[in-house]
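Written out below as structure tokens is the structure these notes cover.
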Amino acid sequence: MNFSSGSIEFTVNGRLHIVDRNLNADTKLVDFLRQTALLTGTKWMCREGGCGSCVVGFSAINILTNKKESRAVHSCLLPLLSCDGSEITTVEGIGNKKDGYHPVQSQLADMNGSQCGYCSPGMVMSMYSLLQKNSGEGVTMKEIESSLSGNICRCTGYRPIMDAFKTFAKDAPQELKSRCVDLEDLGDAICPKTGSACQGHCESNGLAKVVDGKIFKMGNWYRPESLEQLMELLSSFGGEVKYRLVAGNTGTGVYKDDGPYDVYVDINKIGDLYQVSKESPLIIGGGINLTVMQETLSSIGSTNPDYWYAVTLAEHIEKIGSVPVRNAGSIAGNLMMKHGHREFPSDLFIVLETVGAKITIISCKREIQQLTLEQFLETDMNGQIILHVTLPPLSTDHIIKTFKIMPRSCNAHAYINAGFCAKISPQENIRIVGKPTIIFGGIRTSLVHAIETENFLADKFLDDEMTFQNALKVLDQELCPEEHLLNPDSDYLKTVAQGLFYKFVLTIIGDKAAPEFRSGALNLERKMMSGKQDYDTDSKEWPVNQPTIKVEARAQCSGEAKYIDDIPIRVDELYGAFVLSTAANCLLDKVDASLALKSDGVIAFFYASNINTGNVFFFANNGLNCDNNEEVFCSGKVLYAGQSLGLVVARTQKQAIEAAKLVRVTYKNHQKPVLTIQDALKDSTRIQKHSVSGSRQVVNVGDVEDGLSQSDTVVEGEFEIGSQYHFYMETLVAACVPVEDGMDVFCATQDQEAVQSAVSNCLNLRNSQVNVQTRRLGGGFGGKISRSTLVAVACAIAASELSRPVRIALDLETNMALTGGRLPYYCHYKAGVNKDGLLQAVDLKIISDCGCSFNEGTAYIAASFAKNCYASKCWKITPLLAKTDTASNTHCRAPGPIQGIAIIENLMEHLAHVRKEDPLDFRLKNLNRSDENEFSALQHIISEVRRSSNYDERYRQVNEFNCNNRWKKRGINLLPMVYPMYYSSYRYNVLVAVNRNDGSVSVSHGGIECGQGINTKVSQVVAKELGIDISLVSIKPTNTLTNTNGSVTGGSKTSELNCYAAMRACQKLKKKMLSIREKMQYNNWNVLVEKCYNSNVDLTARHFYSPKDDLTGYVIRGATVSEVEIDVLTGEKLIRRVDILEDAGLSINPLLDIGQVEGGFIMGLGLWTSEKMIYDPTTGKKLSRGTWNYYPPLNNDIPMDFRITMLKNAAHPFGVLRSKATGEPPLCMSVSVFFALRNAVNAARIDCGDSDWFQMDGPATIDTLHKLMKIDPSKFLF
């Protein structure tokens, strides 16, 4: 064979890049963009194609049509070597501050679709690529929603992102279109090739090279350009070489541990693999990506009557991954993933096998075979490739249904998928002609067809209930699901499989089924999402109270905003990667790094025994309720699986990560890990009362025992709430640089003082020698308070030991293993009411799981919120802490309040249920009336949301719907909330400095911009106080010089208090300038500044906010109405509508505060419905790591109808500038969705004859909901 070696060529934003050195075949495009092209606008987080932050535009020549095609791809999965001849477009290439922003960028920014901004470049490029792909045809709202289904945003709640992009849709409602730039302005966008206005008709760049008769080779990467070359190459490998065929490379995001491979073979230039024949039979090449397949099926389904069913397959394929995954992933690649991993629930395999498709393969000996998909699974594919798939024509007397049941609405692997196909004889009372096709995925690896059931149903009459019930029994016997820790239990899988079969039969029977059963045939139907936002704004107060976009929004949407890992790499910089434990509750035996130290590029390995520094990053009795020291590197006792054992330092990040895998660790004295509060309760040493500042926190009002004894109705029960990973899009990252007087630390942290203190202690430096700086965070939510300190200190240790700069940036899987999340909770409760239903006594024992230490417990906070807005004669609330063998948990948005409010609301539901009272009526009569003003204020909010949401009529409609539908149930809930806000002992510095040359103002404040908009609010306050335009105000990065002794950013207070300090600083500055101003005949800021300077007035002012400022706390009130729908047969859910009314006072910035309400609520939605932590009970290892095993909400999980109102005429006299905090209260109201789901479940249980109270814990995942509805397949009736 002849090989051609040399270089690869491609353009990035129109600039030609030639790579002529031997690249590692595993080098990804994202790393080239960030480290070589220095285009850091493209982010990375998961490195598995599951988060969307790395999306870029990819254009290449279609080898069949010779036309350029554009699409969105994940740069974290795309090998750089496969980019030869392509055009890459990043967020920087479509617009920027200097040349002008692309309308997609400006629209997202201007409609408040960017909060922390870390996901924004990926969002922008997903939308931009969709517009490019559909250039000239326009896009629909449905296409826009679909294009974003793989992009995670933890901040915004998605609504403003979708609204911003839907303004470009040709079918958008007029209200949205009116907020859009002229669509013709899209033509004025910056062309990444020419730098001029885009004309929309670029031709190929001509980079793609054809090497006649030669196979391109670079290192261990091969690229044949014909089928013959490929066969010859595979033949040369024999059986000795382990190779990987590469098309889209998306499989590496799922199965990361496949390999290692000796060689990689790029098949993207082989035209024979991309052939499509739309005649009968339909043939689609194995190299075709899933998007093209989906489009082909949609097209042929409407034009070729032999393939009427193709639209059904296309709709199912749309549920595979996300748009960038489908744009890159090939048919053959997906099927080969199923071939190599039989447990993989391939949706493509399901739909193809359902219709009897066949696979044609060719061997390196040029032998061609056509196989069924089952035969393919048993075929040795070494030396063979998939040429194409062939789909048969089917007559219209076939009925075809396919299903995918997954843990959230999209971008997740199936828990169970299924396909059904039957030929029906309508003349004979719905008789099956021959055998039907019944197949399942996700049940067990050996099951494809339910053969016994297929045989039983051959030529049977389906509308005969006895026949159907007997078929269910046969199916029940042959399913035999396998247990897997990450999947629902076997009972769920078996019952849902039978339910899907029932859905199929109901589809066939149609109107012959009784009306109440017909909805079982239908899937939940999600309509286009819509939202409304309503708030007051007073132009007389502007720029305060003005709905202003974030000052850095456009920089975030163009990739110009810099985060810690975007800091330019220094020439001598090194990278660190953690070695983590794989077991919990044991002792460390040996750590052998010898193989790692021999690896290329490895400089050192640091662990507890060989460092010359301290080894503690979190100190006991140092705030945050810290009872225990926490180690940087484990010194003996392994507390949890995922604990840091050491740090490998190497010249590149990849070298460090790969070397870390080579460190061999052994353990001894294994004990069974304690992973839950229930297990911890069995060991008294693992439980302690929660003490704060030395006092035991117990709420004790009245005699609870006496109150219970005098109650007419007493209930007792338990309630559990799971953990939640913060899921900040920017993982933990730190860069440490040794300097002449100490250490510069650039750290993604919410608590710079803690980082400064920990680093100085470990390195034996004075605090003044450690300089910490943070420009912004890509999300925080409390997860970057104490946990960021671990990464910063480990990084500083390595930098100190080596006297070189070191950087650590965690991948998502490591981040999730290393750190804890929101504290899980358990509550035992007992309460009683009198004959009128009024609370007499409430006894709550509230336990929070702190993880492997007693640090950062939040039980006392939960206890302080557990009354919510209700009154009882007697209260006893006891907060306790539990210690388990999991990562130390930490503060997470609304830490304690959300659990406390949920606990009391669950109790109210229980009491109302037992007394057979309407839950809302029961709540209303138990509202706290001790303060008439507070009572009236809350009552007003409840009445208003009840009216505006049309609650009473919808409540009636829900009950009517439930009476008429056995297999779909709805629930509705109205939940009130009070959220006391206290300022505690926070301290912040604000410095305001006026530049005398142009009057511009520089501000340094004590908060960290995490997406909450603190920079914007401070800018508004400064502009208002000084009487200048907001454009003159510039916010500088926060650091430990200007914010010495500053407090943590958190608790929703930071923005308010820094705004207050900024206001006071400005007032001090104005006082200095007053004597000069009084002498001026007219008001001119620039003249005033110049005169003050010439008069030697100090044009700087500072205010240090502290408890001495004596700000008065206040109460935030709100109420939420949530309506949901559940598919009883599967447990799937739909959030139909949510109405939120919150008192935000006179909002400093209503646009930002609306965003906080929406984002907080959707984060809470994840806590209550989909985000579940799963551990290996033997090792204690956290299994919920990564985007494929942990499920924060996506854009199609949010309410279809999402309405936010901020209470009008609500200026608050005690709030800063009459405002109130908004970051955390909405999270507490999200439990309304949980109780709406509970009501829907209860309706299903009533149909089963069970009206008793039942315990439902959070999160209410689809398998939890399904199990609680007590589905009995023997009741699957017609």
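Think of each number as a place in line: the chain as shown, counted from 1.
Even glycines carry a Cβ here, placed using N, Cα and C.
Taken straight from TrEMBL:
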- GLU1224: active site, proton acceptor (ACT_SITE)
- CYS46, CYS51, CYS54, CYS76: [2Fe-2S] cluster 1 binding site (BINDING)
- CYS116, CYS119, CYS153, CYS155: [2Fe-2S] cluster 2 binding site (BINDING)
- SER330, ILE331, ALA332, GLY333, ASN334, LYS404: FAD binding site (BINDING)
- GLN750, PHE781, ARG893, GLY1051: Mo-molybdopterin binding site (BINDING)
- 6-94: domain '2Fe-2S ferredoxin-type' (DOMAIN)
- 214-396: domain 'FAD-binding PCMH-type' (DOMAIN)
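Positions of TrEMBL features highlighted on the structure.
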residue : record                          : Cβ contacts under 8 Å, 6 or more apart
CYS51   : [2Fe-2S] cluster 1 binding site : MET45, CYS119, GLY122, GLY150, ASN151, ILE152, MET729, LEU812, THR1187
CYS54   : [2Fe-2S] cluster 1 binding site : VAL30, THR42, LYS43, TRP44, MET45, HIS74, SER75, CYS76, GLY122
CYS116  : [2Fe-2S] cluster 2 binding site : ARG154, CYS155, GLN556, TYR728, MET729, GLU730, ARG776, LEU777, GLY778, GLY779, GLY780, CYS1010, GLY1011
ILE331  : FAD binding site                : ILE284, GLY285, GLY286, GLY287, ILE288, ASN289, LEU290, MET293, LEU348, ILE386, VAL389
ALA332  : FAD binding site                : LEU245, ALA247, LEU273, GLY286, GLY287, ILE385, ILE386
GLY333  : FAD binding site                : LEU245, ALA247, GLY248, ASN249, THR250, GLY251
ASN334  : FAD binding site                : GLY251, LEU290, ILE320, SER346, LEU348, PHE349
ARG893  : Mo-molybdopterin binding site   : HIS726, PHE781, GLY782, GLY1160, MET1163, GLY1223, GLU1224, LEU1227
GLY1051 : Mo-molybdopterin binding site   : SER984, TYR986, GLU1224
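In this view, the densest Cβ surroundings among the binding-site residues SER330, GLN750 belong to SER330, judged by other Cβ atoms lying within 10 Å. Neighbour density at the Cβ, taken as the number of other Cβ atoms within 10 Å, is lowest among the binding-site residues CYS76, CYS153, CYS155 for CYS76. Sequence-distant contacts (6 or more apart, same chain, Cβ under 8 Å) of CYS46 ([2Fe-2S] cluster 1 binding site) comprise SER53, CYS76, GLY253, ASP811, LEU812, GLU813, GLY1186, THR1187. Comment: FAD site residues SER330, ILE331, ALA332, GLY333, ASN334, LYS404; largest CA to CA distance 20 Å, whole number. Here the Cα atom of GLN750 (Mo-molybdopterin binding site) is found 19 Å from that of CYS153 ([2Fe-2S] cluster 2 binding site).
For the [2Fe-2S] cluster 2 site, the Cβ centre of CYS116, CYS119, CYS153, CYS155 serves as reference, and the other residues of the chain with Cβ at most 8 Å from it are SER114, GLN115, GLY117, TYR118, SER120, ILE152, ARG154, THR156, MET729, GLY778, GLY779, GLY1011, GLY1159.
When the Cα atoms are compared, CYS153 ([2Fe-2S] cluster 2 binding site) and SER330 (FAD binding site) turn out to be 27 Å apart. The C-beta environment of LYS404 (FAD binding site), restricted to residues of the same chain at least 6 apart in sequence and closer than 8 Å, consists of HIS316, LYS319, ASP347, ILE350, ALA414, ASN417. Residues of the domain '2Fe-2S ferredoxin-type' (6-94) grouped by DSSP class, helix first, strand second and coil last, total 15 helix, 29 strand, 45 coil. Restricting the average to the domain '2Fe-2S ferredoxin-type' (6-94) gives a pLDDT of 94.
Once the Cα atoms of GLN750, PHE781, ARG893, GLY1051, the listed binders of Mo-molybdopterin, are compared pairwise, the greatest separation found is 13 Å. Residues GLN750, PHE781, ARG893, GLY1051 make up the record's Mo-molybdopterin site, and a Cβ search at 8 Å around their centroid adds GLY780, GLY782, GLY783, ILE785, HIS891, CYS892, PRO895, CYS1010, THR1049, GLY1050, GLY1223, GLU1224 from the same chain.
Neighbour density for PHE781 (Mo-molybdopterin binding site): within 10 A of its CB lie 32 other CB atoms from the protein chains shown. For the recorded [2Fe-2S] cluster 1 site, residues CYS46, CYS51, CYS54, CYS76 set the reference point as the centre of their Cβ atoms, and the other residues of that chain within 8 Å of it by Cβ are VAL30, LYS43, TRP44, MET45, ARG47, GLU48, GLY49, GLY50, GLY52, SER53, HIS74, LEU77, GLY122, LEU812, THR1187.
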